[in-house]
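Here's what TrEMBL has on this protein:
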- 1-45: region 'Disordered' (REGION)
- 7-25: compositional bias 'Basic residues' (COMPBIAS)
- 124-144: transmembrane segment (TRANSMEM)
- 156-175: transmembrane segment (TRANSMEM)
- 187-207: transmembrane segment (TRANSMEM)
- 267-289: transmembrane segment (TRANSMEM)
- 309-326: transmembrane segment (TRANSMEM)
- 338-359: transmembrane segment (TRANSMEM)
């Protein structure tokens, strides 16, 4: 009996111990519970410093919506660390990058280069491609007078070999900056489209001003459109790509150098640089092809001095307009906008050239066979029977 009573007594001890342990735990929770819960709730609420930082960021636009603020508060609650201004700026940058569907742009330390990685790669490609076609035309064909054996087909092939790789190579050799982009968002596509439109208008229409105002003429055998050789359409594309890449880089460098000057001074200095660069390029091109005998002028020396100024009008308009493509991160350029911009630039050049023709007239005496018999109107419209 004693042994059985002892066993029952021992069996009841764990239950009592459990009750006592449970009671002790409840007593301990009762004593320390409010303080513990308070600490837990303190961690779930943002500090006053964090609230001030979040409010300031919302007002300044670093975080654009209350949802961004809530997300930052939740992150603070999970991490247990206060929200700093640096964390807010980083969060805002990541949010903007996600909204744009691309990584945050990293500005180049080089003042000559574009901050847009795609544009930076495109400009570098076009500049590196330039020696290829330049050596082919001015380093091989002209000095060795290979053109003497050229017929229509050879001239056309020369133009194709010079211009087409500027479009084909970036399709197969994709830069790192363009690897995650759609083809229509890549800078080299936009640059090619703009130059194609601008140079097409220049050849189809403005070449006739060279005929009737500057006294120029093409005498080599060629297939033509609107009396303009096909090969000049192609060679102009390569030339203009090079000219506009050089203009982009120099204008960008100039703008950074004079950024602290008054706006009126900046405008005058930039206009002076565009004028000087445009005239220099126009003069240099005229001089570079002087050894090619089948692009002739009535007065070559006058063409160098005055005709180069006429030619420079192209670039007075195109250099500052072309630079705008993808230059600023917040200014998006789609292909329709690129095309419209190129057409607008071409129209402005057309107006200026025709005003020169009407009010200043030819720089040399033009033979009757090249003259437009009526003063008003556009030079490429032929005049029949002395009436427009």
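Every residue, even glycine, has its Cβ placed from backbone N, Cα and C.
Whatever TrEMBL says is automated annotation, not expert-curated.
Taking Cβ pairs closer than 8 Å, the transmembrane segment (124-144) reaches residues 113, 158, 161-163, 165-166, 169-170, 175, 188, 191, 235, 238, 241-242, 245-246, 288-289, 291-292 in its own chain, all 6 or more past its ends. Within its own chain, the transmembrane segment (309-326) is flanked in space by residues 114, 116, 118-119, 187, 190-191, 194-195, 198, 202, 206, 209, 213-214, 240, 243-244, 247-248, 251-252, 270, 274-275, 277-279, 281-282, 285-286, 333, 338, 341, 344-345, 348-349, 352-353, 356, 363, which lie at least six positions past its ends and keep a Cβ under 8 Å from the stretch.
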